[in-house]
Amino acid sequence: MAARIVNRLNWMSRRFYAAAVDSSKMTLAEKEAAESKHAESTMKTWKNVSIFVAVPAILICAYNAWVKEKEHHTHPRPEFLEYAHLRIRNKAFPWGDGNHSLFHNPHANALPEGYEDEDH
Amino acid sequence: MRTVLCHPYHLVEPSPWPCLGAGGAFFITVGSVMYFHYGLVQIMYLGVLVVVIIMFVWWQDVIRESTFQGFHSLVVKQGIKYGMLLFILSEVLFFFSFFWAFFHSSLAPAVELGVVWPPQGVNPLNSFSVPLLNTAVLLSSGATVTWAHHAIISGKREEAILGLSLTVFLGVLFTGLQGVEYYEAPFTISDSVYGSTFFMATGFHGFHVLIGTTFLIICLVRLKLNQFTSRQHVGFEAASWYWHFVDVVWLFLYLCVYWWGS
């Protein structure tokens, strides 16, 4: 199975690079030169995708996230309600005082007893 | 000078590192259990130390065999490719278990959770905010790593270094944004099975991003040291396969856990 997948991948990459030219009568050096040329045009395509698609996409998503997070921070945090299925402490966390989770945020995460600070 | 060995002989020696590395990983697993249950941290540290040492000596051996001894014949390269594909397959199955736990808990939420998903009292993250940005960052890194790959094949070293540096930067950016999200999350790992499945699945994905970034950094250093040619760069191919795998896992996490699950 794995052999077939690898063979298939090799076959696909050969087809991919050799697609542009008839390689049956070429020497190995000529084939390599043709493949290198073809790879160069593929490289340019992906470079263009990176610069003209990926960078704007990241910038738009970053702006969108910035606006959403800013808006989110204007909301008051949810009221502390004691639920049996939340803030479970069957045993102490192995770090610190054993009552704070690893990424504990005093503003956002309540302890079993309630929030540690006042909302602001 | 020819750089391709077209003969069918397998020239590399059997290596002790896979077996010893697996031993180190086993120590990390057992050590983590000991840490979480009894606060005993030494076994976990020992495992991490063993794995880090083996990373150095294993990579050192592979670089010697490939770059300096020229032993990476076609058949040796094919063996490494099988190994990498099977490793990634085992990783896919590893993530299956976390998705299984997530769907088991979320498709028919238990009465203790209020028979709703997310459970009563859990406020999930907005999937169209930072998680969407992270999706764009990781997908973009897939484009830049392909840019670097084709630059290597066509012998454009400077382009390859630029593309790969950008990929590493995007990987680090993703980790940083995930760190901020973890800190800002209104729920924790102890907040019902939602917190457990969320942090287990996204946390292990985060670990894999760190591993993939390390792998890409090693490739970047090797690229700068002129250790890859347009024909001989299996290490880079393995790193890019792994990076694409991490990317695909994120897409599933984003669609299932962040978007559908919220």
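Using the three backbone atoms N, Cα and C, a Cβ is placed for every residue, glycine included.
What you see is a predicted model, and the numbers here were worked out from it, not measured in a lab.
Per TrEMBL, the features are:
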DOMAIN    B:5-262  domain 'Heme-copper oxidase subunit III family profile'
TRANSMEM  B:35-59  transmembrane segment
TRANSMEM  B:80-103  transmembrane segment
TRANSMEM  B:128-148  transmembrane segment
TRANSMEM  B:160-178  transmembrane segment
TRANSMEM  B:198-221  transmembrane segment
TRANSMEM  B:241-261  transmembrane segment
Remote residues contacting the transmembrane segment (B:80-103) - C-beta distance under 8 A, at least 6 residues beyond either end: 72, 196-198, 200-201, 204-205, 208, 234, 237-238, 241-242, 245, 249, 252, 256-257, 261
Recorded stretches the transmembrane segment (B:241-261) and the transmembrane segment (B:35-59) touching, at least 3 CB pairs under 8 Å: no
Intrachain residues whose Cβ lies under 8 Å of the transmembrane segment (B:160-178), provided they are six or more past its termini: 130, 133-134, 137-138, 140-141, 144-145, 147-149, 151-152, 202, 206, 209-210, 212-213, 216-217, 219-220, 223-224, 228, 243
